[in-house]
Amino acid sequence: MIRSVVRGFGAALPKRVMTNRDMEAIVDTSDEWIVQRTGIRQRYVAGDDETTASLGEAAARAALANGGLTPADIDLVICATSTPDNTFPATSVNIQNRLGMSHGFAFDVQAVCTGFVYAVTTADAYIRGGLAKRVLVIGAETFSRILDWNDRTTCVLFGDGAGAIILEATEGEGTVADRGVLTAHLRSDGSHKEKLYVDGGPSTTGTVGKLRMEGREVFKYAVGMITDVIQAAFDSTGTTADDLDWLVPHQANRRIIDGSAKKLNIDAAKVVITVDLHGNTSAASIPLALATAAGDGRIKKGDLVMLEAMGGGFTWGAVLLRW
């Protein structure tokens, strides 16, 4: 049985760091308020010379170096983003070009904060279907470009960055002991689209628009949706929270992360937290967290790892893999 095994990982962050103290100078907020409600202490903000594609390229090159590969070894590039450099061509094609690739194929996935989970699931399907041997999966965002910096309820939450992994086709035994992606579960419900959205677009306003969010409404649904899809991943593989080595959640809000882990009886020591350092980087948050925890040695070969996210739409999903 073909499995999609993680061959390499990487991350990239903008040069500029904005702390909560910096945010106090922009809007009516405080470090105490932000930390208490979100767990965020700082975030990275892209400069004029940094774009979604440039950050994605840097993360991709880091993943290639980590995996001992070159761009010539990649068959497919998938980039999850809601903040593309252009309406078209796709950011993935831009990154492909930046990497010097003129072979293979590339496309973007847009599922907001769940984008990386969708992208990993898509890459796994291409690998298992025999259409690609190695897939570069990137989550890259510059959410600072779509924030209303006068809206204190949203501008303090988001940051910029990129993360990447390389999935490689590897022969497995077809059991949960295999390395690689074991199962994936994706969901969406468009009836919630007005709770988290951007108030612009090419075919409606002809503008980029700004992010708008009904924070309390999103919070109300988040824990239930996240835990349901994680449980589905456990059930489909015959595993439990006790078997899990690491939960790598979308880094949106510390209270949502803690609430989800508690509901599923997942030990807090097994949860990777980077929201304090990066803020909510949408589709980039999970690969950034993966790169952090794998880079410092916490996530090791053979570990059972759960990825989960929820985003605008609503979209939500989970991927269970063995590192």
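For all residues, glycine too, the Cβ spot is worked out from N, Cα and C.
Given the ranges 36-40, 206-210, 251-255, the record in Swiss-Prot names 251-255 as region 'ACP-binding'.
On a Cα basis, Cys113 (active site) lies 9 Å away from Asn280 (active site).
With respect to Cβ neighbours within 10 Å, the active-site residues Cys113, His250, Asn280 differ, and Asn280 shows the lowest count.
If you measure from the Cα atom of His250 (active site) to that of Cys113 (active site), you get 7 Å.
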